[in-house]
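Okay, so here's the structure we're looking at.
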Amino acid sequence: MAPRPPTAAPQESVTFKDVSVDFTQEEWYHVDPAQRSLYRDVMLENYSHLVSLGYQVSKPEVIFKLEQGEEPWISEGEIQRPFYPDWKTRPEVKSSHLQQDVSEVSHCTHDLLHATLEDSWDVSSQLDRQQENWKRHLGSEASTQKKIITPQENFEQNKFGENSRLNTNLVTQLNIPARIRPSECETLGSNLGHNADLLNENNILAKKKPYKCDKCRKAFIHRSSLTKHEKTHKGEGAFPNGTDQGIYPGKKHHECTDCGKTFLWKTQLTEHQRIHTGEKPFECNVCGKAFRHSSSLGQHENAHTGEKPYQCSLCGKAFQRSSSLVQHQRIHTGEKPYRCNLCGRSFRHGTSLTQHEVTHSGEKPFQCKECGKAFSRCSSLVQHERTHTGEKPFECSICGRAFGQSPSLYKHMRIHKRGKPYQSSNYSIDFKHSTSLTQDESTLTEVKSYHCNDCGEDFSHITDFTDHQRIHTAENPYDCEQAFSQQAISHPGEKPYQCNVCGKAFKRSTSFIEHHRIHTGEKPYECNECGEAFSRRSSLTQHERTHTGEKPYECIDCGKAFSQSSSLIQHERTHTGEKPYECNECGRAFRKKTNLHDHQRIHTGEKPYSCKECGKNFSRSSALTKHQRIHTRNKL
C-alpha cells in the first residue's frame, strides 16, 4: 500500500496523488470487505472535492475503476516507491508467492513495512499511522490547511470503532508551504523526493484508452490493465502461482450454496447471501427502513440530516452524496463515460448502461406476481404494478393532485411554474415513499439551463441546445476545422447526407441511415416477444409497450394514459380545442394530420384505397373497411 504525502512545487496545483492511497493486487486481496467499502467512499469523495474546489484534476484510472465497480488495485510497477535492498521481510509472511521484493515503501511509512499480508489490512488505522508520520515532518502548520471531507465521522465510529476512525487530516494539505515539505525521511535517512518524471503520470488523458483487447475490443488506459484483462480470455489465474480469484494457498474457499458464486472472505459470502434470504440487518433509527449493507444505511442517514456538503462549482447546486455531484456535473460537460460494447451507445450513468444492455440480451428478470408479465427493467415492473394497486405516489405539493408516474407529475408542475419543471428550489415535490425519492433524485437534479429565445424551449445539454438552434438560424457556429469532425454537422441549414435513391437530404448521418432502411427493407430491431422487426429503435420501443401494457404518457387533465407521446399530444387537443392542421383550399382545420390528408382528397378527387373484390375505390381507408363488410356478409 502506498499513501502519498503532498510533494507539489510551492505554487503548483494539487494533484489527486496528494490525497490518494494505492494498493497492489496482493495487498488489495487482504483488505476485508468493510475496509474496501470505506476505501471506495474516501477515494471517490476526495476526487469529487478536488473537482468541486476548482482544481484541474484529470480522472485517474483508480477512479474509473471505482465508478465502474472494478477492483482498484494497480501493478507494482505503476506505484512510485523508493527501493531499499537491505530491508528484511518479516518471517510471519508465510505464503511462497509473497517471498519476493516487497521492500518498496512510500514516503517514510516505516510502520507499513512491517504490516504482514497474512493479516487483514486495516485501511483506516494504516492511514492514521501514516498521518502521524506526515505530521512529524510537516509540523503544526499542516493541520491548518483546507480539508477534504471524508464520509460521516459519526457513522464511521459506529462502524469500525472510535480508534479506527479515518483521520480527516490525512488529506488536508492542499497548499503546503515549501519550507515545511519533507525531502528526507528521518526514520530511514534516505532522500524520498519524487523524480519529476514520475509526477507526469497525470499527463495521460483520462478519456484516452490506447490499449485495446484484440478479442473483445475493450480499451484500457494502462497496459497493465490490458494484461490483467487478457487473462480472463485465456482462463489464467490472476496470480503468478495460477490461483484464481485471489485465493491464496491455505485460504478457505467460500461458496454460495444457492448460486455457486465463490468468495475469498466469509464476510463477503455473508453479505452476498442476503440477496437470496432478503435479510436487511441494518435499520435506520429514524424511519425504520432496513438495508443489506451498512454503507447503504450510512448514505440513507444523510437524507434525514439534510446536510449537502457536495456543491457544484458551475451552478451552485448541492448534494448529499459525492456520486450525485459527479453525475450532476456530466449535465454540464455532456460526458457519457459508460459505452455499450455491442451498439456503441453511451450513457451518463452506469445503471443506465446496465439497463440498456438487457435490451440486447432479451432478458426479462422482473416478473409481476399478479399477472406474470415480465419486464427488462425494475422501474417498468414498478410502474406496471401500479395498474393493479392503483397507487399514485407522486403528489403535487401545490394542488395535491397525485400521479402514478413521475413524468406525469413533472408535466403537471409546468402548469404551476410556467415551464420550469426541474427547479426543485422553486417548489417541492412530495413522495409518499422514500424509495420514490431515491429513484427520482437524479431526475430532479436535471436543470434545463439553456433557453431558446426564438421558441422558448429549454434544454439540459448545450449540445442539444446547439442542434436545436439550427432550426431557427443559418448562422455558422462551427469553424471550418470543427465542421468536418466526425460528430459535428457541416454547417447549420445544410443537409450534407443525401439519399442516392430518392434524393432526400438530412442534417445527421443517423437520420440518413434510418431513412435508407426504407429503400433497403432492413429491419435490425426485432421484438423478442412476437418477432416483429422494425427499422428504428424507437419504433421497437413503442411496439414493446403493446406487450408490457406500459403507458408512460399521462394526460394531466383527465388522467388518461398513452403508450406514445404523439398519442398524448393528439389527445390533449381534445381539451384545448387546438386544430393546427388547416386546409389551404377551404380553411377547415383538424386536430390530426392524417385527418387533413383524408380531407384534402375531397378537393383532389384522389381515391387510393381500392377493393380487391370489386375494384371500387375510396378516399379513406375507413370507408374501404366498411365497404368490405358487404363482401364478407355475402360470403357467409
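Heads up, the Cβ atoms here are built off N, Cα and C, so glycines get one too.
Positions annotated as domain 'KRAB' by Swiss-Prot: 14-85.
For the zinc finger (211-233), the model gives a mean pLDDT of 71. Feature annotation from Swiss-Prot assigns zinc finger to 211-233 (among others); the stated evidence is sequence analysis.
Under the heading zinc finger, Swiss-Prot lists 254-276 (among others).
The zinc finger annotation in Swiss-Prot covers 282-304 (among others).
Sequence annotations record features per position, and here Swiss-Prot assigns zinc finger to 310-332 (among others).
Per Swiss-Prot, zinc finger is recorded for 338-360 (among others), and the stated evidence type is sequence analysis.
Annotation source Swiss-Prot lists zinc finger at 366-388 (among others), citing sequence analysis. Broken down with DSSP, the zinc finger (366-388) shows 11 helix, 4 strand, 8 coil.
Residues or ranges marked as zinc finger by Swiss-Prot: 394-416 (among others). When the zinc finger (394-416) is classified with DSSP, helix, strand and coil residues number 11 helix, 5 strand, 7 coil.
The SUMO2 cross-link annotation in Swiss-Prot covers Lys448 and is backed by a large-scale study or a structure entry.
Marked as zinc finger by Swiss-Prot: 450-472 (among others).
Annotated zinc finger per Swiss-Prot: 525-547 (among others), in sequence order. Broken down with DSSP, the zinc finger (525-547) shows 11 helix, 4 strand, 8 coil.
Look at Swiss-Prot and you will find 553-575 (among others) tagged as zinc finger. For the zinc finger (553-575), the residues of the chain that approach it from at least six positions outside its boundaries are 403-405, 407-408, 411-412, 415, 542, 545-546, 591-592, judged by C-beta separation under 8 angstroms.
Here Swiss-Prot flags 581-603 (among others) as zinc finger, drawing on sequence analysis.
According to Swiss-Prot, the feature zinc finger maps to 609-631 (among others). Counting residue by residue with DSSP, the zinc finger (609-631) contains 11 helix, 4 strand, 8 coil.
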